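Peer 1: What TrEMBL records for this protein is below:
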BINDING   166, 167, 168, 232  NADP(+) binding site
DOMAIN    6-120  domain 'Tetrahydrofolate dehydrogenase/cyclohydrolase catalytic'
DOMAIN    140-281  domain 'Tetrahydrofolate dehydrogenase/cyclohydrolase NAD(P)-binding'
Ligand code: NAD
């Protein structure tokens with residue numbers, strides 16, 4: 001039987017509704033969460049991402065705006081702005097859209113964000129907290145969205161073999177840590193891994209974030225596995241595809257996240273969730289992470 005499609009779009013909409021309820025609830029207490037997105041330069045893809053984030057935040061009743069800088073901005077000016085946002089009590093979330101133009105030191109810029117407002121989860125404090133399994137971490141959005149997708153379909157992780165293809169700072173490494181915190185047995189494969197198929201075939205849960213179009217084919221997947229495709233690639237005809245060759249993998253997997261409509265929408269939903277989390281935690285209010293599950 002072909003794999004069931006994991007509906008990230010529907011799940012993301014449910015999370016966004018939940019976040020909006022939380023925001024409206026916070027507003028009754030006089031707290032109005034605010035997210036500031038910093039964009040440097042005029043890369044069209046980055047501009048689209050940023051506009052989508054701000055629009056989604058506004059739809060979720062979160063105050064949100066883009067702060068734009070030209071590519072020629074001096075690093076000190078950028079650092080000063082981020083320091084000011086970090087210190088501003090009327091700002092809950094600060095996000096710097098990556099990649100930054102050449103000549104700007106990404107690490108310096110990210111580390112300037114106050115960890116309690118780092119809604120992308122990229123500062124070393126949040127990376128460390130994720131590694132230590134601390135729930136007050138602001139988890140990076142894509143890995144958090146992947147876990148939410150697995151939870152929605154009630155995928156058991158405890159003791160299960162999980163394989164992550166990719167070791168990037170924003171997806172591969174942190175998702176591996178989150179899976180480990182959920183007691184999966186985790187293997188990370190990467191560009192230097194030998195015999196990739198032998199490793200991916202062990203996975204009950206396979207997460208693919210390699211940035212290589214249709215790298216994973218059906219023969220590399222265990223019968224009945226759950227496969228999450230993080231990759232996004234545009235074909236010549238304008239349609240999108242992922243890091244997984246969907247047609248052949250669908251014949252082996254039990255569940256497969258589609259591209260588009262899988263992980264992508266979840267990433268934005270988790271950004272909004274992080275903004276609410278940041279707004280609550282930095283005021284000493286408790287935050288209970290919602291878990292939304294689809295009916296069996
Ligand atoms: P990256 O380029 O930073 O990292 C890719 C990783 O894959 C590297 O660690 C590399 O070692 C590994 N890799 C490369 N070739 C490989 C191979 N042949 N075999 C095994 N491993 C290999 O990429 P990233 O930022 O993690 O993103 C990965 C993909 O996910 C990209 O297509 C990106 O566009 C997409 N992405 C999607 C979202 C989303 O919200 N849907 C978010 C982030 C990234």
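Note that Cβ sites are derived from N, Cα and C of the backbone, with glycine treated the same way.
Describe the structural surroundings of these features, if you would.
Peer 2: Taking the Cβ of residue 167 (NADP(+) binding site) as reference, residues of its chain lying under 8 Å away and at least six apart in sequence are, in sequence order, 173, 176, 188, 190. In the three-state DSSP reading, residue 167 (NADP(+) binding site) counts as coil.
Residue counts of the domain 'Tetrahydrofolate dehydrogenase/cyclohydrolase NAD(P)-binding' (140-281) by helix, strand and coil are 54 helix, 26 strand, 62 coil (DSSP-based).
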Peer 1: Of the residues in the domain 'Tetrahydrofolate dehydrogenase/cyclohydrolase catalytic' (6-120), how many are helix, strand and coil by DSSP?
Peer 2: 59 helix, 19 strand, 37 coil
Peer 1: Measuring CB to CB from residue 232 (NADP(+) binding site), give everything in the same chain under 8 Å that is also at least six residues away in sequence.
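Peer 2: Sequence-distant Cβ neighbours: 240, 242, 259, 260, 264.
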